[in-house]
Every structure is written in structure tokens, then in C-alpha cells.
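Trainee: This is the structure I have questions about; it appears just below.
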């Protein structure tokens, strides 16, 4: 299993880091089989798995539950878990309680937190306690209400300078990596060049140290529309619907189950049962 030291070395060597979300045992198993470097158990599970309109309703219990499943499916992959909305915008003691549970009960190797400001002290606090932290700047989904929706961040010089400053603060606080979401590719390159820790982009261009996408978006599974930055590499939901539709049709016409999918009893036993007739 790769560790934070390996990810730092990959940045230094210019080797891109791959990251993908997973939320359950089968998806984690497939992601590990595909040799993805790092798994993110994102609070995006609220939208793509649980059907919420945003990530806000996701709880610490949800994150623990899904992290456990992912760890069972991917025993040899570094797993980062999101701290959900309002689980770290509380007292440091409460933040540590939530963080400890996700790490100890869920099995996460690192935690991800969104934003800067007061979150910087949280990164420092958790890091000093021995919990690796991944920072997240740019479009931070837990704050879409304040940001005015899902919009590209850092498009003007002033806000771009603020993101650069915040990125440096995250690194200084001890973050082991930084996710940059929906920022101009030029800005992402500047930040990546100025930091010693790896940057993982999602909608941040190619001049970052790695990329992350949502599992369901990448394979087109249960999603109606995807963001501009998503490239869909396959469309499994079309195949799934096709297979289920064929099953329905075959059941309705009594084609399924054929003999090969059924069990039989010996003829003498059948005769002994009501003389081979139904009772």
C-alpha cells in the first residue's frame, strides 16, 4: 500500500497520482484491482449513493459505515475519508471525537476537510494528534450555499491570490495533500509549483500532481448528468438497464428460469411424492 511518503515521492518524480471515490465493498474492490493509488470515501456519497440533493445531510455515522465497507474491499489501498458537514466546525474536542471515530472505527488512513480560515487550525490540531489530513480548496461542496452554487473559483486575480495564500497555509498546518476543485488550470499550476505537498485536481486542469473523479461519474452509473470536467470512460448503466429489462421480459414470458438454472429430484423420489402427482 502506498503511503503519504510515497505520494510525496511521486510528486517529486513527476509521477501522476490517481485517486477515485469508492463507497462500498464492490466498488472499492474494483478500484483496487484497477491499481488506483488512493481511494476517497467522499461525502459525495450523499448524492450519488443516498440520493440527497447535496452533501449536507451526510453524517459521521454514514462516513464510518461506508469507510468500513471500502476498507473491506480495498485492503491494500490508501483510503482518505471526508469529514462531513459541521463535523469539524465545532469545538476542537468535538472535532477530535468525530475524527477519532472515523479513523478508529471506520479505518480511514487520512481525513479530508474543506476550506481554509478556521479550518487551518483544525488541520494543525489533527496533524499534531497524528491524524493525516488532506485539505480541499476551490469549490468546496459543503459551502455551495455561501459560494453561490457550483461555480469555478479563483477566476479573478484577487480570489486567485487568496487561494494561493490559503494553499500555503494548509501546507504549513501539516496537510499531506491538497485537493483543488473547479479552479482555472493556470491557477492550479501555480499552486502545484509552489507547494511541496501533492495537489490532486478535480476540474483543475492537467498541471497538478494527480487527478480525482467520482466513481459513478467516471463509469456513468446512476447519474443523469455530469460536470464539465468529467470524462466518462464507459457507460455501465446502459448495460445494467439492458440486462434488467431482458430479465423482466423473460420472466413475463416464462423463458426464465430455463432448466439449466433449476434443480430436479430423482424420478423415484418424485413418484414417491403423491405418486408423482401434486397433492
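Note: Cβ is positioned from N, Cα and C throughout, glycine not excepted.
Just lifted these from Swiss-Prot, have a look:
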- 181: active site, proton acceptor (ACT_SITE)
- 43, 44, 82, 112: 3-methyl-2-oxobutanoate binding site (BINDING)
- 43, 82, 114: Mg(2+) binding site (BINDING)
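Buried or exposed, and what's around them? Tell me for each listed feature.
Mentor: For residue 181 (active site, proton acceptor), other Cβ atoms within 10 Å of its Cβ number 23.
A C-beta separation below 8 Å, combined with a sequence spacing of at least six in one chain, links residue 82 (3-methyl-2-oxobutanoate binding site) to 40, 41, 42, 43, 44, 55, 58, 63, 111, 112.
Within 10 Å of the Cβ of residue 43 (3-methyl-2-oxobutanoate binding site) there are 28 other Cβ atoms, across all protein chains. When secondary structure is read from DSSP and collapsed to three states, residue 43 (3-methyl-2-oxobutanoate binding site) falls in the coil class.
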Trainee: What are the other residues, in sequence order, whose C-beta lies within 8 angstroms of the center of the C-beta atoms of 43, 44, 82, 112 at the 3-methyl-2-oxobutanoate site?
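Mentor: Once 43, 44, 82, 112 are set aside, the remaining close residues are 40, 41, 42, 45, 55, 58, 63, 81, 83, 84, 141.
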Trainee: How big is the gap, in Å, between the Cα of residue 181 (active site, proton acceptor) and that of residue 114 (Mg(2+) binding site), rounded to a whole number?
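Mentor: Distance (Cα to Cα, whole Å): 10 Å.
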Trainee: Which of the three DSSP states, helix, strand or coil, fits residue 114 (Mg(2+) binding site)?
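Mentor: The three-state answer is strand.
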Trainee: Can you name the residues of this chain that are 6 or more positions from residue 114 (Mg(2+) binding site) yet have a C-beta less than 8 Å from its C-beta?
Mentor: 136, 137, 140, 141, 142, 143
Trainee: What kind of secondary structure is residue 181 (active site, proton acceptor) part of, going by DSSP in three states?
Mentor: strand
